[in-house]
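Take this structure, written in structure tokens, and hold onto it; I'll ask about it next.
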């Protein structure tokens, strides 16, 4: 589209939707994903139907992070019932060349302990996770799914008893994010954060009206101007780039090695083994400064972090899995231009699944076939674009309306996990066809969150913009990482960014407008990083990396896995033949075994002698469930036919239901 072409009004937008039957599109990994990811994690829609609650519910007990003193080594505290938590103090400026060279950062770290002590011969060390974003919380990720990850990666019933491994699982909040300190906060308090969410919904999305771009350009830049300048004054905004976070991960493993050594000595003093056993254990658990190996599983943006880590510290790599692989080259250029290649194809697949499932499982079923089902999608959306649905107030909420904006945001969230979440979207579309809006109205309420926040006494003492005053909007800190990593966009004008937005929107008619807004804040983000990785993503690592991608991923196309793997000598690729973002989008025993085998033995899928489901340069795994096949969120489906590892299956299903 020509950059000077007029933006769509609601009516012309509706007309375009009528014309395009294959535009049932995709998602956002940043701005709206960061806002809406927490919605589906905590929504009553999931939790209230959950006989699986005992398997997937996280601890109801909280942990006062600010009461945990930070140390330059690990001092673990019991937290959230049966987890371990610590604050690790690291330099704010690893290079020591900035005004912040004497400041420190306190990284919040959480651990699920291995099922064996460090003195056991089968203890395999720690595996660090990163959920992506950038800026998503690793604390939340491990609280929700850390135990399931431990089950997937640690030795199962088929393990070779002479070489089996059992792992700790560690998550952390990146510097500037969530429980780490200092935190990048853009709002004075919760009420201001909620007001911002409401304003963004009112502003609309680029391309959905003839005035939306003007409003979005002004409001996003106003927020970025103040937030970046305040964070720069505090120092943290200059030290949030991925290079510093990669170094933090190395430090986590260094300090874990130090802890492992001390813990082994403590246990040996209690166990009092023979002299030979003691010597062997001390040798096996000894900390060697500067030599600790990295074991890592990163998702989405976490693959950029992992690729940066592997490129900067190739000799540290022991086991590294990069799952839902992003184009790190494009990301570091501040592009975000190569993500939406495959998104439109997901709609066709979902229509096919809907038709195969029948009316019992898919409310949009049409006996005329998948094409007829597809015809309903743009028609329903166009109708909502032209005619928002209003609803009266009641005891719980005031009068309001749902618009095409809420529907696009719902799509941009649920497309990440079609197996789990698309029934909700299809139910929303079905209701709209019937003149109802209950599902979409509930989503809007969840998206905004509570409207009344009473400041705590701690907030009153700590003051505006303190972590005590803002607890639910910290995901916006991810913009500090995004704008730090990419080349500067401060010289972008309103017209040049409009041209960029047009290019992104051309890739994806529905969600391109959302995706195009991700880097808009960077046009007014004044804090530049003191350490930014500018090298190539090529290296010969100490052990080959494993890249993983789904056949149709909404925002990290499969081709990225093969492209990025090409830069790392000996790397392997695992393809999961499903739709969605990350392997957890569809439980697959085949993929679960492949990941376990890699962490247990280092063997890549597709290696000579592997099982028959591996072929070619990489490996191909089928999912065990498909959208609309009767899979019900909140329940544990039966173990697939022919499988016997119930613990692995439950862990895979759990991740599907509690992540992202």
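The count begins at 1 with the first shown residue.
Any Cβ shown, glycine's included, is placed from N, Cα and C.
The shown structure was predicted, so the numbers you read here are calculated from the model rather than taken from an experiment.
Copying in the features that TrEMBL gives for the protein in this structure:
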- 290-352: domain 'AB hydrolase-1' (DOMAIN)
- 510-606: domain 'Peptidase S33 tripeptidyl aminopeptidase-like C-terminal' (DOMAIN)
Quick one: DSSP breakdown of the domain 'AB hydrolase-1' (290-352) into helix, strand and coil?
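For that range the per-state counts are 30 helix, 13 strand, 20 coil.
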Counting by DSSP, what is the helix, strand and coil composition of the domain 'Peptidase S33 tripeptidyl aminopeptidase-like C-terminal' (510-606)?
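Counting residues per DSSP class in the domain 'Peptidase S33 tripeptidyl aminopeptidase-like C-terminal' (510-606), I get 33 helix, 17 strand, 47 coil.
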Where does the mean pLDDT land for the domain 'Peptidase S33 tripeptidyl aminopeptidase-like C-terminal' (510-606)?
95
